[in-house]
């Protein structure tokens, strides 16, 4: 049975009044501010007001190492939320806001898909309530104050060659990656080299995602390091007198946005930190509200369990103090086949047709990756559930292989057809997740705050990625030493590594062994609260293809939007 | 009597539910979308739905040539709206959205002041409903598509040295005025020189302000010229396949925002095109709604009557087909004294103390400027009303001089104390405006569409500015010829001239004679629909001072915003 297009399903879905969706979460109207039709912002007062209500079970949805196409993690998150609600366990879904740049670049939104979407998807994918733009504004206000400081005499003694704060825009624009600013005359600023990242990669975004409230946000923003003096001393946003205005610019953006799924399940959509160099997880404050607004919270962690889930556990949960009750590992037949190493999948090109042939053996070969990602949940004491995200081209024999491996590993497993069937298709998965979450939580962080930065890096590399060890460039070593001296040693680690392999080499499939993790460079997001070692080339500003999604988006003769995903 | 601070008045004002404000305008709830507390967007369907209701009187508020401090045009606009409502003539105020960059640069918002403010002023001055950010996004999406086109083979044959489309951000950041992009490797785009303007200076903003609806916006955006081929042919946003996505990015931003004054008068706040190089007027669509939603519409035109009002008449009214019924010329004692040429007023420095001495003679000397600006209203067949914006340091004898000059010119005149007293203080002004507007409209455009571009420029220069003639640089001449050939000759003119003098020399006060207007350069905003000759240095990206407003904005221990204006 063919599933209609996302936009078709979205436009035909019957939405509940959003205040009713909020009401079902126990949110009174004094906590709500409507933002256009079918979207509301929720006051952070809700955290305290709901605190006495029972705590929900907290479920994180991650995945095996994905192909470049993604394996439907958002769709599964939404579908599972709908499925839990259907089996009588009202759930709240918590996901990231889409980054507009990529949404207009490679065709595809970030609102889920098929009958497991968050609506209104046009809003979710474009602007929403302007949070992304507020992050851009706060980030660039700080940048303007940095360059203005240089221009007006540089009292703080910033080394112009050691300014780490770049600028951001929510657009795919490769020409802005490396730029020279301050050209022209003396009145046009100080000339120096810098660049733009995409807004999702802004430390302000990561900070907003990890903060627990407005005061905390104010303090974190003040701690942001924009660069160093000639003596190597960090210079902060506080020293530049920028943290106050940045906080004020973010005072609406800190409030989570309430939308709903196409089955009217509440969906909090809030923050979208980049998965490459930041946490790739939606906001702490959204989860803190959701955790007392239903029986289950289903949230997504970007990329595979080695990346998003590891950061969810060791950064997001460390910050929020919340312990997850179950961890879903989304797997697809096609991705497991690809992990056999026999198929090449390239984004934007047709899939190799032999990928669709019935071939349980290739699934079994590729399942090494699944095993490792299940282990990665266990490593943190979290009950794993394998969610097989069903595609029409799958074969029953292939599912059987996955089910057997899960059983062998002691993990629950279910096939989920939420894309084609919505929550009804995710009912079996929902039951499995509910069982797993009913077990007493054994959650544990992978490393203590007190471990040294290299110890933390090596723990993640060897235990989560399966590396033999870690090597550091001289530059990386020097940075680690700088950060230790500056007092950043207690921060957790956010590894910037390819998401296309458990290793740092995107071409290595399955569960690679016999390799070491090369750390090329180390940076610190002191405001957000993590240190990020960079292993390999990390793009922080995407480019547009020759035929981008943007070129197909338009209005029709009735003024309706067309061509959107 | 000392007037409390703007923020104090704003925080103590008693706001009506915004849906009641809308209801008083005849707007049903199906036309409204709330955007946070006390702000709504109005669907453009309102234009058609209200069309059968009686048409309001249309009043434009302009000024004499201001000092760098401004003479309270927004405050007078708001006060007059309140005053008219108080004398039994329900009015709607229509003003521009604040540009956030300057609001965070030089201390001062754009919501009016004292007891004549539009509220919530924190929202008006920061983000509002995100329209400014949507303009930024649409503008920069086009820029990304321009550079992506160069990168992917440049099929349209764009001359990289003749790309006129820059990028924009709503921030004061001088270091972005002149930049080189596309540095790095081959994958990082094509290297070329360009820069950022402030978002208010975006042609997209001017286009949004002048459009009459979504389809019209789509067509205008398609006509935007981003640069030229090596043969000098214009390349458009349509050719780059960007106009559709730009329209979709602006589909919320095209809807006017409804707020209210501190006396609950409806206030439409929509678009903020730069006064320097664009129209400096709020949106056509807001006025089209307001014109059938009350007995009076009071809208503001940026800068003096030679600048904002001239553009209001010859660009905005030409586009909308609407004729104004009265034109207010705001005058202050201090500005008229400054026009005597005896005082030097510099923004950010204390005023010369002798400016406050009783001195009707200096007012009389400076009044040459007032005479000319009254004439500029008459030139367009519009009944002029002089509004003396009262300051506590003024003297009655000084008012008398102004009143005599107005009487001599046959213009109505009133002293207005709206800043200190709100609408009650503007009642006399409101009566004068109501009388002027009751006269049959004699409105006429200054030049026909068919006049050549040089004829239009010369008409404005000689008739409105009082110049003896116009000189053109060779570059300006060449551009005029290019535009004629490209078919842009029928467009109106938006003169980019200093607002601090009737002449092109900001140091010449009063009503200078015996000078010629030098046109250095000519550019075309084909999407917005005007050609703009540049006379003198025009800054399109401000910078921050050493102690910017931003450095004083923060949250207090209760989470309240402090330091905002």
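Sequential numbering from 1, following the chain as shown.
Note that Cβ sites are derived from N, Cα and C of the backbone, with glycine treated the same way.
Annotation comment: TrEMBL describes A:67, A:68, A:69, A:70, A:71, A:72, A:73, A:74 as ATP binding site. Non-local contacts of residue A:74 (ATP binding site) by the CB criterion (under 8 A, 6+ apart in sequence, same chain) comprise A:95, A:110, A:111, A:112, A:113, A:300. DSSP assigns residue A:74 (ATP binding site) to a helix.
Within the group of binding-site residues (A:68, A:70, A:72), the Cβ with the highest number of other Cβ atoms inside 10 Å belongs to A:72. Secondary structure at residue A:68 (ATP binding site), as computed by DSSP, is coil. Cβ neighbours within 10 Å of residue A:73 (ATP binding site), excluding its own Cβ and spanning all shown chains: 25. Same-chain residues that are not part of A:67, A:68, A:69, A:70, A:71, A:72, A:73, A:74 yet have a Cβ within 8 Å of the Cβ center of the ATP site turn out to be A:63, A:66, A:332, A:335. Between the listed binding-site residues, namely A:67, A:69, A:71, the fewest other CB atoms within 10 angstroms of a CB are found at A:69.
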